[in-house]
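K.L.:
My questions all concern the structure below.
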Amino acid sequence: MKNISILGSTGSIGTQTLDVVRNHPEKFKIVALSASGNIDAIENQIHEFHPEIVAVFHREKAEILSARIGKKVKVVSGIEGLIEVATLDSADIVVTSVVGSIGLIPTVEAIRCGKTIALANKETLVVAGELIKKEAEKHKVQIIPVDSEHSAIFQCLQGEDIHNISRIILTASGGAFRNWEKQDIQHAKAQDALKHPTWNMGSKVTIDSASLMNKGLEVMEARWLFNVELDKIDVIVHPQSIVHSMVEYNDFSIIAQIGAPDMRGPIQYALSYPNRINSSIERLDFRKISALTFMAPDTDKFPCLSLAYESLKIGKTMPCVLNGANEVLVEYFLEDRIGFYDIPKFIEKAMSAHKPWVYTDIEELLEVDRWVRNWIKEQIE
């Protein structure tokens, strides 16, 4: 039996993690949950899974939840509450499925407590990849990726020598605007971008998918997860989302991980690793697949991918700037306050306005994150 803490249990990855646990009660037990402010959803989760502790980020919502459930479970709030969930003594695995850089500090604290990390919060490695890897090595902690692409690569690397990698090939669905003309994308609204063709994801990730920023962030994540240089990481658009990613070795043979586009697959693999257990997801039937297609990403239509590569090449604090700017701009786009192409436009401006430096601790990164968020708000408001 593995004890699971979930950071972000009411979001897309969190609820699908609970579905995996629900299907395997003999293998997994929930000991801690957290949410931003959806107390109705987390109250239902409390009644079903009986955790020891629950964190609600917004203090007022936490107080309301505590009044509702009485002394059934300890309720905490704020970043301190997320840290309590991440470092709970009884937890074996911490699923980091919160969205954005808010996941950074709890993830670091979980690593320092020796917890296995099932990483779904890609921003943690985007912002502080080098620091996270050092902490994981220092505390002998394993980071198991939950993103479908990185889970695929992780699986393709099993039993292989990482030094024999020729390149990593990340697949991208192409997002909601894959077949749109650039002039039409200019006038797109949030509801258009949220119509993802293959995956069921949260709103922020779905917008990032439409801009290809999600793939850019995944390139940065792969750089640190697998210790592979940037020039060995390629992106290819694969609309069917059946080949989840591939690894090419120095003999030019390619190993791919293939399966139905269902996030419960990589989630379950991360929880059960190194074992494989029976799954309830759809079984892939090759007789029903007419074609698997691949194409190069269009970085003219989707400049966010190039910006992500550029920020990683520059390194230092620049990835933190790119990430923080993108998070704020996606919020503005979801609120219909800016256009779709304002996202890369203002990210590029923020990168130009920033003079990157070599950071030594998390507080410096948080300072950069605060700076870029305020800078973006000043430019737009």
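Counting begins at 1 with the first residue displayed.
Note: Cβ is positioned from N, Cα and C throughout, glycine not excepted.
Keep in mind that what you see is a predicted model, and the values were worked out from it rather than measured.
Annotations per Swiss-Prot:
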BINDING   T10, G11, S12, I13, N38, N121, E123, G202  NADPH binding site
BINDING   K122, S148, E149, S173, H196, S209, N214, K215, E218  1-deoxy-D-xylulose 5-phosphate binding site
BINDING   D147, E149, E218  Mn(2+) binding site
K.L.:
Would you give the longest CA-CA distance, in whole angstrom, between residues of T10, G11, S12, I13, N38, N121, E123, G202, the set recorded as binding NADPH?
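P.N.:
Answer in Å: the longest Cα-Cα distance is 22.
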K.L.:
Enter the number of other CB atoms within 10 angstroms of the CB of N214 (1-deoxy-D-xylulose 5-phosphate binding site).
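P.N.:
Around N214 (1-deoxy-D-xylulose 5-phosphate binding site), other Cβ atoms within 10 Å: 27.
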K.L.:
What's the CA to CA span in angstrom from T10 (NADPH binding site) over to D147 (Mn(2+) binding site)?
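P.N.:
On Cα coordinates alone, these residues lie 17 Å apart.
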K.L.:
Do you see any of the binding-site residues D147, E149, H196, N214 whose C-alpha is within 10 Å of N121 (NADPH binding site), and which ones?
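P.N.:
Hits: D147.
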K.L.:
About how far apart, in whole Å, are the alpha carbons (Cα) of H196 (1-deoxy-D-xylulose 5-phosphate binding site) and N38 (NADPH binding site)?
P.N.:
24
K.L.:
Relative to the Cα of E218 (1-deoxy-D-xylulose 5-phosphate binding site), which of the binding-site residues G11, S12, N38, E123, G202 has the closest Cα?
P.N.:
E123
K.L.:
Quick check for the class: what is the C-alpha distance, in angstrom and rounded, between S12 (NADPH binding site) and D147 (Mn(2+) binding site)?
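P.N.:
Here the two Cα atoms lie 12 Å apart.
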K.L.:
Suppose the Mn(2+) site is D147, E149, E218. Which further residues of the same chain have a Cβ inside 8 angstroms of that site's Cβ centroid?
P.N.:
K122, P145, S148, H150, S151, L170, N214, K215, E221, A222, S245
K.L.:
Considering the binding-site residues G11, G202, which residue's Cβ sits among the greatest number of other Cβ atoms within 10 Å?
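P.N.:
Checking each of G11, G202, the winner is G11.
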